[in-house]
Each structure stands twice: as C-alpha cells, then as structure tokens.
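Enquirer: Handing you this structure, nothing more for now.
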Amino acid sequence: MLIFDRIKLLLPGLALTAVISLVAQIGEKVELSLFGHPWIEGLVLAILLGTAWRSILGLPDKFDAGVNFSAKTILEVAIVLLGASISIEALAGAGFYLVGGIALVVCLSLAVSYIIGRALGLPAKLAILVACGNSICGNSAIAATAPVIDADAQDVAASIAFTAVLGVVFVLILPFLQHALGMSATQYGVFAGLTVYAVPQVLAATAPAGLVATQIGTLVKLVRVLMLGPVICVLGLGARRQMARRDAARIKSDVGMPAGAGAAAMMMVNGGDIAVADDRFGGGVQAVKAGRGAGLPISKVLPWFIVGFLAMMALSSMGMLPDAAVIPMQHISSILTVMAMAALGLSVDVRSVMNAGGRVVFAAKLSLICLSLAAFGLLAVLQIA
C-alpha cells in the first residue's frame, strides 16, 4: 500500500513535468519545420516553460513531490544512462592536463569569488556559499557546504535564490556566445562544463552544439563536481579548528585564567575535543565537543549517479555495451532529461532573486565573469581546438 501512496503523491508533479516536456519537444519540432533549425532547443524551452508556469500560475503544494522527484531522481537516472554514450577517449586528447586544469580553475575561482564577496561586504559564511556555488555545482554545492560551515538559513536562501536564476540566464546566453566567438564543439563543451552551475544546465547549454559538446561538457562538469569532496573536507577541517579556538577562548574566559604564573593551563585539541586544565581547580578538566556536524556522508561527496555515470562510461569504453542497448539508452536519457529540465524550470521562482540582496547579486555576477575568464584562459593554455 505504501508504494501506491508514494505513486499517488508523485503523480501530479510527474504529470505536469511530462506535459511541459512534451510541449517543449513539440515546440522544437515546430521550429524545425518552420525555420529548418530550432532556435530554442527542447531542453531550454522546457526550462523556460516551467519557469513561466511557476511565475504566472504558481505551483500548488500537491505538485512539489513529483516536481522534486523529476528534478532529482529522474535527472540522476538520465545522467547515468548518458554515460553509456560517452567514451573515456573523448578527453584523451587533453587527458591529465585537462583534469589538472579543471582543478586549478575551480581552486582559483573559489579564492577569487570569496575575495570578491568579502570585498563587497558579504559575511564570511555567505561569501563561502557564493564561492562554492559559483565554482563547483551551484545549489548542490551550497546545500552541501552550508551544514559544514554552520551557515545561517538566510545566507543559504540568499545564495541559492540568485544562483538558481543566474544559472538559467547563463544557460540561455551561452549558445549565442558560442556562435559569436566561433567556438568549436569541443571548446564549447569544455567551456560550458567549466562555467555552468549544475549538470542539468550543462546538458541544456550544450545540446544546441551537438552530441560531442554535450558529452565533453558533461564529463568536464562531473570532474568539477568531484572537486566538491576535497573542498568540503578542507572547509570541514577549517570549521572544526575555528570552533575549537572559539570554544577554547570561551572556556578560558569562564575559568577566569589570569595572565600571571599563578595558574598553569593546558589546552588539548584532538579531533575537535578541547580540554582546559587549570591547577586552581585541582587539575579539573572541562571538555567541550567542537566541530559537530562538520562531517558529511559519503553520498554527499560522491553521489550514486556519478558512480553510475562513471561505471557506464567505463563499460562503454571497454566495448561491453552493445549498440542495440546504447542507442535506446541515449533516447531514454534525452526524454528523461527534458522532463528534468521542465522540473528545473518549475523549481525556479524568479521573484525570489529580488530578496537575495544587491551585494549577493553583484558578487555572483563578478564571480561568474572571473570564472568565464579563467575558462577561456584554460582553453588557450591547453590549445583545445
């Protein structure tokens, strides 16, 4: 009975995303028949239709479960299936240097974005959230980072609100940028993978440039996503140390330790545990646990769909997936991705950006410009054609 209840809960949202995705695909075919080329791809059209629906008609609560399922689970399945059409040889030309370059761009973007945020007067935690969202994977990075640095709900809401809208706007601009700059499919795929916030947005941005751009863009983006793990670990260690110092200072203040030699004190920090011993209290020890919550489940660092994508890609590279299976997987992945794009659009409330604050907006824009310049620099250094 629980299964039927679950289906009943998901059905309204699933039906809505399916209808919007169908309209988007029909719209693409109409464009093709009228102009000989779709000016707005089905993926992008699905995002626009979903965003327009929510902005004009709203989204009642009964649709939430199905829309969230489409935006998350259906998209994850689509990404896994996409791995079947990608071979490791797709990046063989650049190989190790491209992977190293991606890591360098992410680290550089994190540092520059944080500096920009702080220079504009953003609180440290909000600046970190904006930097992680801009540099790694948008809302997912923000959501994963927030509990590690103990960010306030307001900071999380502000950073996510603008990241969602800016990400969609950037996806709409990128295809025109490719034509304006005369970028090849490979160059465009690498550039989109380096600059677009989320995996689904990479799919939407690269679809107009063809399969090669989509494959390379997705692969580059997933390498970028894998940077989330090391970044979270570093932030977690930093948060634990900061909490340890703060708690140690508070304990010293509570104990009232004098500056003179009358009290010999010892502070021990081990794995986030702080102990202060004071000889005036007979060597009594007060201990405070610090850094709770800084840990993160492995599923947050390495989601199942990335593992599935890499597994599919490995099987494809070894020739273990027959063409009879790969081609249907590609079609199913495309259909599911359009559904996920519709759900993504339905999840974006354009009006929420008004509450994000001018400094957050400006910081995110400047950070994205810097990230784009770094991506262009990597293309030039690696001479990707």
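Cβ atoms here come from the backbone N, Cα and C positions, even for glycine.
Okay, these came from TrEMBL:
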{"type": "TRANSMEM", "residues": "40-57", "note": "transmembrane segment"}
{"type": "TRANSMEM", "residues": "69-88", "note": "transmembrane segment"}
{"type": "TRANSMEM", "residues": "94-114", "note": "transmembrane segment"}
{"type": "TRANSMEM", "residues": "126-144", "note": "transmembrane segment"}
{"type": "TRANSMEM", "residues": "156-177", "note": "transmembrane segment"}
{"type": "TRANSMEM", "residues": "189-213", "note": "transmembrane segment"}
{"type": "TRANSMEM", "residues": "219-239", "note": "transmembrane segment"}
{"type": "TRANSMEM", "residues": "301-321", "note": "transmembrane segment"}
{"type": "TRANSMEM", "residues": "327-348", "note": "transmembrane segment"}
{"type": "TRANSMEM", "residues": "360-384", "note": "transmembrane segment"}
Enquirer: Per the 3+ Cβ pairs under 8 Å rule, pairs at least 6 apart in sequence, do the transmembrane segment (327-348) and the transmembrane segment (219-239) touch?
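Expert: No, the transmembrane segment (327-348) and the transmembrane segment (219-239) are not in contact.
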Enquirer: So which residues does the transmembrane segment (189-213) touch in its own chain, when a touch means Cβ under 8 Å and the partner is 6 or more beyond its ends?
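Expert: Contacts of the transmembrane segment (189-213) (Cβ under 8 Å, skipping residues fewer than 6 from its ends): 38, 41-44, 47, 71, 75, 79, 82, 85, 90, 98, 102, 105, 133-134, 137-140, 163, 166-168, 170-171, 174-175, 178, 183, 219-225, 337, 340-341, 344, 368, 371-372, 374-376, 378-379, 384.
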Enquirer: Out of 40-57, 69-88, 94-114, 360-384, what stretch is closest in contact terms to the transmembrane segment (301-321), meaning most Cβ pairs under 8 angstroms?
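Expert: The listed stretch sharing the most Cβ pairs with the transmembrane segment (301-321) is 69-88.
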